[in-house]
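Structure first, commentary second.
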Amino acid sequence: METNTASVICQQLDCGKSGTVSNTESRLKGAPNWLDIVKCRPHDSTLWQCPSSPWGQNKCDDGEVALITCEQKNVALKGTATQSSQYDSYGAAGNAIDGNRNTKYTGGSCTHTKQDSKPWWRVDLQDVFTVTSVTITNRGDCCSERIDGAEIRVGNSLDDNGNQNPLCAVVPSIAAGESSSFQCNWTMGRYVNVVLPKPGILTLCEVEVNGHDSSGYLPLRLQGGNTMCSGRVELWYEGSWGTICDDLWDINDAQVVCRQLGCGTALKAHGNAAFGRGNGQIWLNEVKCWGSELHLRDCPHSLQDHRTSCSHKEDAGVTCEGENCCAALLLSAWISVVSTV
């Protein structure tokens, strides 16, 4: 397998734009190898477009399995941080994105809020990123239980200081001085919050946001629904939020929206402004997703650019399975993808 092929797989899985290839033994002995002699070209965007030998026709054994390592990075390092309050001069919000996992508070590398009704910390990544995981390092010299029950949220909204964005994970606990990683299911957003949904004090010694730039995609949000994973679909374009016309809108389109937002499987595609009429521009019309795309921008569509015959009584919406469901992408039975920071 060549580097071009690894890069196509990494991009299809939303795990960065490049990857390296090595060989490993199959994790399940005797299982079939489906693909061989795969040679992706520079213009291929999915594995299925790449030339290969016929499915299931190869002479590979258990020791000839491709292992792909996709490149990612801590995108929080170039961000700016803020928090609900600051306890003293040692506990600045920016300490959690200084690249230092020092867990001793007086070392000046941990944050510390005052006793707040709902203490929170937020990093502005300065652009929209696809977030695959968040790693939190807990304080080591005191009070490790303060992190228990904290929520990690990722999104583009600053409503409630960003604390109502889609849920990535809930932190059950982290041992004193230790680091734990939490998967975010390819959630897109500019803001990453760590918030305690109860009175307390929040202390963080490092927050690492693993992902890659998705500014070329269309950031989405759901409005007007009863949960974070249902509502009118709105997208950010040319500096403002707008809606999508329901012409040709179906369950395949909803599937892509739910996947992009990290909301699991689509249950229903809504039309006729089922979640109320939106405001501003109607940015998209005649969206024609296959249902397998990772982002709505990947689907054929008409980008209106202020010109449409639709009105807001035709705003499209979705209902997704849930707020914290996993969206699994399976490329083939025997390609392993390992994400590294």
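Each residue, glycine too, has its Cβ placed from N, Cα and C.
According to TrEMBL, the cysteine that forms a disulfide bond with Cys50, out of Cys40, Cys60, is Cys40. Residue density at Cys50 (disulfide bond): 17 other Cβ atoms are found within 10 A of its Cβ, drawing on all protein chains shown. Per-class residue totals from DSSP over the domain 'SRCR' (220-321), listed helix then strand then coil: 16 helix, 35 strand, 51 coil. Fewest other C-beta atoms within 10 angstroms, among the disulfide-bonded residues Cys40, Cys289, Cys299, are seen around Cys299.
Rounded to a whole number, the distance between the Cα atoms of Cys40 (disulfide bond) and Cys299 (disulfide bond) is 21 Å.
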